[in-house]
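The next block holds one structure in the form of structure tokens; read it before the comments.
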Amino acid sequence: MSILAWIEDRRKQKLKSGLNPTTNNSSSTDSTQGLWTRCDSCGIILYIKHLKENQRVCFGCGYHLQMNSTERIENLIDSKTWRPLYETLSPCDPLDFKDQKAYPERLKEAQERTGLQDAVQTGTGLIDGIPVALAIMDFHFMGGSMGSVVGEKITRLIEYATRKGLTLIIISASGGARMQEGILSLMQMAKISAALHIHQSCANLLYISVLTSPTTGGVTASFAMLGDLIFAEPKALIGFAGRRVIEQTLQEQLPDNFQTAEYLLHHGLIDLIVPRSFLKQAISETLNFYKSAPFQIDGYIPTKFSLETADSY
């Protein structure tokens, strides 16, 4: 039996088990589930175990598939040096929002599926022995959407990095602001940008933004594009509005590579495209160069920067 035939057979079995809920044969612990996946670009069938070992980069075409935040931490941060921050922050439902499902129900499903409280992990760690403050957005949690908790965690991390004199790295993967929180999610754009201004322009500390696919909406319109250095993964989708919306508004046909990392690099909106396997090395060399750069100017932290102190974190 070919791999394609095996996958089709498994799909039919799942459908049958879904139609007959009284049977106990379709246990979620079935060891054959989740063994294979398909490349979004070339369509080749990939063995997930080997794909993870290759940092979720397709063996056939080199396409970078989506990666969760925990895997990124394991690949980027030195072993046993990751220290998470603000893990207990959890979202609420300030607008009592409900569409096809109630917002709290969607949150609970996402939390159970990913094991996260919200769409970002924040903390500190070492990259080749160099301490950094790191935030990693997770697209698997409600499309990496930015709500109040995401904005608060990133802002607190920026403030912590500023007080401790750490380089800040944010890895973005998001569909934009979270519609279930309305204007409260849009306010996070200004809050994060204000904290970044203190970190970069007052304290004179480095901020590296890493764009992965997709990085869109309010995230692109705020902190994702404010980095002193902006890296991106190959062929990453980066933009604000969707391609179809822009074409309908302008009444023009857009280039095939529009809103890709390569298109943005050509037009000067990002600094470097780095394959996933070289990202840690690229960041490490950048940090070493930054540490030894001549004519560094001492920064300062405004007196009323934050009501909280670094020790309270």
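Placement of Cβ uses the backbone N, Cα and C atoms for every residue, glycine included.
Per TrEMBL, Zn(2+) binding site is recorded for Cys39, Cys42, Cys58, Cys61. Annotated domain 'CoA carboxyltransferase N-terminal' per TrEMBL: 35-305, in sequence order. Look at TrEMBL and you will find 39-61 tagged as zinc finger.
Around Cys61 (Zn(2+) binding site), the C-beta neighbours below 8 angstroms that are at least 6 residues distant in the chain are Cys39, Ser41, Cys42, Ile44.
Here the Cβ of Cys58 (Zn(2+) binding site) has 20 other Cβ atoms within 10 Å, regardless of which shown protein chain they belong to. For the recorded Zn(2+) site, residues Cys39, Cys42, Cys58, Cys61 set the reference point as the centre of their Cβ atoms, and the other residues of that chain within 8 Å of it by Cβ are Asp40, Ser41, Gly43, Ile44, Leu46, Phe59, Gly60, Gly62, Tyr63.
Here the binding-site residues are Cys39, Cys42, and the one ringed by the most other CB atoms within 10 angstroms is Cys39.
In the zinc finger (39-61), helix, strand and coil residues by DSSP number 6 helix, 4 strand, 13 coil. Summarised as a single figure, the pLDDT of the zinc finger (39-61) averages 93.
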